[in-house]
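K.L.:
Below you'll find the structure I mean.
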Amino acid sequence: MELRETKVAVYGKGGIGKSTTSCNTSIALARRGRRILQIGCDPKHDSTFTPTGFSIPTIIDTSQSKDYHYEDVWPEDVIHRGYGGVDCVEAGGPPAGAGCGGYVVGETVKPLKESNAFYEYDIILFDVLGDVVCGGFAAPLNYADYCIIITDNGFDALSA
C-alpha cells in the first residue's frame, strides 16, 4: 500500500494508549523516510510530548498571541520538529467549561491548509480524543482517509 498524502485519524478514550500508538506509528513511519505531521487534537495538548520532549505551544495559544488573526499564524509558529523528524502540532482547546474543544480541531487545519503546509507531508496523523460528547471531535474524519480506533475489551472503551 502506497502511503502518499494519506491522512489517518486515531481515536480512543483517554488513557487507552492512542497517543502512545500515534507517536510510535509516526516515528516508525518517519524512520522509513516518510514526511510525517502528527496533530494532537486534545484540549490537554499532550499528544506530541513523546516525540518533542516538551509541551509545545498550541494553535490556540499562538493565535491568541496574535489577537486571533489566523492569517498571521505561520507554519513555523506552530509546527515543531520532534524525534525522528516527526513534525508536531497541538490544537489545544479552551479552558474547561469555556467553549467547544472540537471546534478548535477544525480550526487547526485552516491555517495549515491556507499556508499549504498541510500538503507537504506524506502522512498526517490526527490523535483525537474519543470519549467526549462534543461533535467537533469528528472534524478529523472530514480529512481522514483511514480511521484507527484504539480500544480494549472493556465496555467503556467500546462505547467511547
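Any Cβ shown, glycine's included, is placed from N, Cα and C.
Worth saying up front: this structure is predicted, and the values here are computed from it rather than measured.
In case it's useful when we look at the structure, here is the feature table from Swiss-Prot:
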{"type": "BINDING", "residues": "Gly15, Ile16, Gly17, Lys18, Ser19, Thr20, Lys44", "note": "ATP binding site"}
{"type": "BINDING", "residues": "Ser19", "note": "Mg(2+) binding site"}
{"type": "BINDING", "residues": "Cys100, Cys134", "note": "[4Fe-4S] cluster binding site"}
K.L.:
Return the maximum Cα to Cα distance in Å (whole number) over the record's ATP-binding residues: Gly15, Ile16, Gly17, Lys18, Ser19, Thr20, Lys44.
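P.N.:
With Gly15, Ile16, Gly17, Lys18, Ser19, Thr20, Lys44 as the binding residues for ATP, the largest Cα distance is 15 Å.
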K.L.:
Rank the binding-site residues Gly15, Gly17 by how many other Cβ atoms lie within 10 Å of each Cβ and give me the one with the fewest.
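P.N.:
Relative to the other binding-site residues in Gly15, Gly17, Gly15 has the fewest Cβ atoms within 10 Å.
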K.L.:
Can you give me the same-chain residues 6 or more apart in sequence from Thr20 (ATP binding site) with a CB-CB distance under 8 Å?
P.N.:
Thr50
K.L.:
In this structure, which of the binding-site residues Lys18, Lys44 has the fewest other Cβ atoms within 10 Å of its Cβ?
P.N.:
Lys44
K.L.:
Suppose we draw a 10 Å sphere around the Cβ of Ser19 (ATP binding site). How many other Cβ atoms does it contain, all chains included?
P.N.:
24
K.L.:
Beyond Gly15, Ile16, Gly17, Lys18, Ser19, Thr20, Lys44, what residues of that chain have CB atoms within 8 A of the centre of the ATP site's CB atoms?
P.N.:
Gly12, Gly14, Thr21, Ile150
